[in-house]
Amino acid sequence: MIDKGIDLDNITYSTIITCAKKCNLFNKAIEWFERMYKTGLMPDEVTYSAVLDVYAKLGKVEEVISLYERGRASGWKPDPIAFAVLGKMYGEAGDYDGIRYVLQEMKSLGVQPNLVVYNTLLEAMGKAGKPGLARSLFEEMVDSGIAPNEKTLTALMKIYGKSRWARDALGLWERMKLNKWPMDFILYNTLLSMCADLGLVEEAERLFEDMKGSEKCKLDSWSYTAMLNIYGSGGNVDKAMDLFKEMSEVGVNLNVMGCTCLIQCLGRAKKIDDLVRVFETSMAAGVKPDDRLCGCLLSVVSFCEGDEADKVLACLDRANPKLVAFVELLAGKASTSFDIVKEEFKAILSNTTVEARRPFCNCLIDICRNRNCHERAHELLYLGTVYGLYPGLHTKTEKEWRLNVRSLSTGAAHTAFEEWMVFSG
């Protein structure tokens with residue numbers, strides 16, 4: 001067209017820009033949009049929405065806002081797609097003021113949100129931590145005659161679960177059944193996870209049975225994991241093991257999270273032989289141990305003795321041999337220097353995810369105390385403090401000196417208290 005001298009019109013540019021966006025060639029889409037703007041052609045609704053989405057995907061918030069305002073000044077009336085882009089962008093940033101701005105703009109322009117926009121705004125409300133506003137928005141959607149789909153209900157259920165709004169979550173579940181709103185396995189699993197987080201055992205069991213009888217929803221490893229979490233947290237070993245057997249019978253493999261829940265439950269009940277059997281079965285099924293599972297095994301070691309501790313350490317050795325070697329170092333010769341302990345501990349932490357570092361340190365201190373290696377326990381507490389694992393452990397004012405032990409295990413708290421008594425005395 002260019003070679004033949006044919007002028008590119010609005011449709012041409014819009015087609016090229018939209019095509020570039022769909023091909024994830026975002027820079028090309030922007031390049032053609034800027035080229036279009038220089039010619040004096042005015043973008044249409046589709047083009048504006050497409051370029052807004054491109055800028056949002058690139059994380060260019062200021063450009064999104066600037067383009068939106070420029071378009072509005074030129075007489076462009078945004079469509080629901082454009083507002084969905086804005087809502088998603090503000091939601092991912094957790095910007096409640098931005099979300100509220102989108103809602104106000106839609107009302108002022110008389111734009112009726114569609115299901116896609118409502119879903120986007122609900123997810124945004126969840127990320128912004130506004131469960132009450134999410135509930136109001138959902139009711140507004142239903143009152144307007146728009147029926148929720150699986151994505152809507154999943155988003156709202158996640159918000160209620162995260163905010164621990166058990167009554168609202170269960171009320172929504174009853175409405176879903178009453179109105180026969182669509183439910184898929186993702187929504188079912190979200191409901192189960194919420195029940196696990198809130199400790200709603202009976203409700204979870206009813207839901208689990210509903211899933212078994214559903215033609216659309218097939219129980220998967222995440223469904224069983226949620227139930228294992230519920231039984232494990234409640235210390236119901238028999239039901240947890242029955243569920244484990246059922247998984248084998250129906251051909252559902254245990255995932256690493258389910259394995260962790262079950263091992264934690266068996267460890268607390270001191271059913272070590274069952275724990276070993278579950279671990280070996282999981283490894284044979286291809287489960288790859290993560291730091292959370294290793295931390296769980298380490299925790300069990302901290303309150304076991306003799307042969308039982310050796311059995312759990314053998315499992316941990318298959319998952320994290322360096323961690324077991326460090327445990328043996330701590331409980332070994334007293335002549336091992338502090339510098340060696342420091343270097344080995346630093347190496348352990350560097351290979352451990354951030355969220356698992358403090359639990360590891362707590363368990364290691366507990367193990368040292370249980371094996372009468374109190375000096376090592378104090379060394380580990382010192383190193384943990386130096387490496388930032390216990391921020392806010394001590395709070396000092398002119399009149400008092402507080403020891404904050406909430407983030408500590410029992411053994412670590414005893415160790416910290418001993419040090420505090422020495423220094424404060």
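Backbone N, Cα and C atoms are what each Cβ position is placed from, and that goes for glycine too.
As recorded in TrEMBL:
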DOMAIN    166-321  domain 'PROP1-like PPR'
REPEAT    9-43  repeat 'PPR'
REPEAT    44-78  repeat 'PPR'
REPEAT    79-113  repeat 'PPR'
REPEAT    114-148  repeat 'PPR'
REPEAT    184-214  repeat 'PPR'
REPEAT    220-254  repeat 'PPR'
REPEAT    255-289  repeat 'PPR'
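Counted with DSSP, the repeat 'PPR' (184-214) comes out as 27 helix, 0 strand, 4 coil. As a summary of secondary structure, the repeat 'PPR' (114-148) carries 26 helix, 0 strand, 9 coil according to DSSP.
For the repeat 'PPR' (184-214), the list of distant contacts is 150, 153-154, 157-158, 160-161, 164, 166, 169-170, 173, 220, 222-223, 226-227, 229-231, 233-234: same-chain residues at least six beyond its ends, Cβ to Cβ under 8 Å. Sequence-distant contacts of the repeat 'PPR' (220-254) (same chain, six or more residues past either end, CB-CB distance under 8 Å): 185, 188-189, 192-193, 195-196, 199-201, 204-205, 208, 211, 261-262, 264-266, 268-269, 271, 274, 278, 281-282, 285-287. The residues of the repeat 'PPR' (9-43), classed with DSSP into helix (H, G, I), strand (E, B) and coil, number 27 helix, 0 strand, 8 coil. Mean pLDDT across the repeat 'PPR' (79-113) comes to 84 in this model.
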